[in-house]
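Shown next, in structure tokens, is the structure this report addresses.
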Amino acid sequence: MEDSMDMDMSPLRPQNYLFGCELKADKDYHFKVDNDENEHQLSLRTVSLGAGAKDELHIVEAEAMNYEGSPIKVTLATLKMSVQPTVSLGGFEITPPVVLRLKCGSGPVHISGQHLVAVEEDAESEDEDEEDVKLLGMSGKRSAPGGGNKVPQKKVKLDEDDDEDDEDDEDDEDDDDDDFDEEETEEKVPVKKSVRDTPAKNAQKSNQNGKDLKPSTPRSKGQESFKKQEKTPKTPKGPSSVEDIKAKMQASIEKGGSLPKVEAKFINYVKNCFRMTDQEAIQDLWQWRKSL
């Protein structure tokens, strides 16, 4: 009894096979199943007239068993070449045995669908699948700690690369300001150390010689570079020419920008943005602005 119960409760795995047949006036189709161990279903999809069918009425009929086990006949489709050459049944399922026939018309009529078979799965294959799933789960848990550490490292590396790129861009834009700040910090550090270390020595020398001696501080690289900067100051950029300013304003307008419409605001705009101080050139630019 227990073995029979186990066989009844075993899961079923469906398999699908293509089905098709041709009906004519003198040609029926009998769908039978010799293997009774598995469940079979015939799922009909479409019924259509074949090439060469006459423009006449075709009636397709199916004969099978009803719930009580008695034979029953059902009309599946009514076709005519000029009106309705094909009909979709949308999955009309019938349990075999089934007889498909052409009740009216000469044909040919083609019927297509699927043959569904429910196959029992082996218990051994299920056990093997479960063992494979368990092994995969164990390997995934073991590899989880190592895999979790790799992601943050990659993120940190990416963040460091992004920070380095940003710092490189800022260094390229503000190179002069950074050099000046570094030189000031380098200049302050040795001065403090020398002031702390040399007061006693300077006091002794001043007492011996009777003269006030200035504390000797070693020259730092920052002082030398700072003096070089004082000797060679950068030449300020001069004002742009009138034609260059017009070209830049025109480009700004083409990009969607706007210029001041009031003369006083326009003059301030030219002086601040283009460092233009020539009044004649400013008036020339204002006349050009009004002509736009």
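Any Cβ shown, glycine's included, is placed from N, Cα and C.
Annotated range for motif 'Nuclear localization signal' in Swiss-Prot, selecting from 85-91, 190-196, 239-245, 274-280: 190-196.
Averaged over the region 'Required for interaction with SENP3' (1-185), the predicted model reaches a pLDDT of 77.
In this view, the densest Cβ surroundings among the modified residues SER43, SER70, SER252, SER258 belong to SER43, judged by other Cβ atoms lying within 10 Å.
Between the C-alpha atoms of LYS27 (SUMO2 cross-link) and SER258 (phosphoserine), the distance comes to 86 Å.
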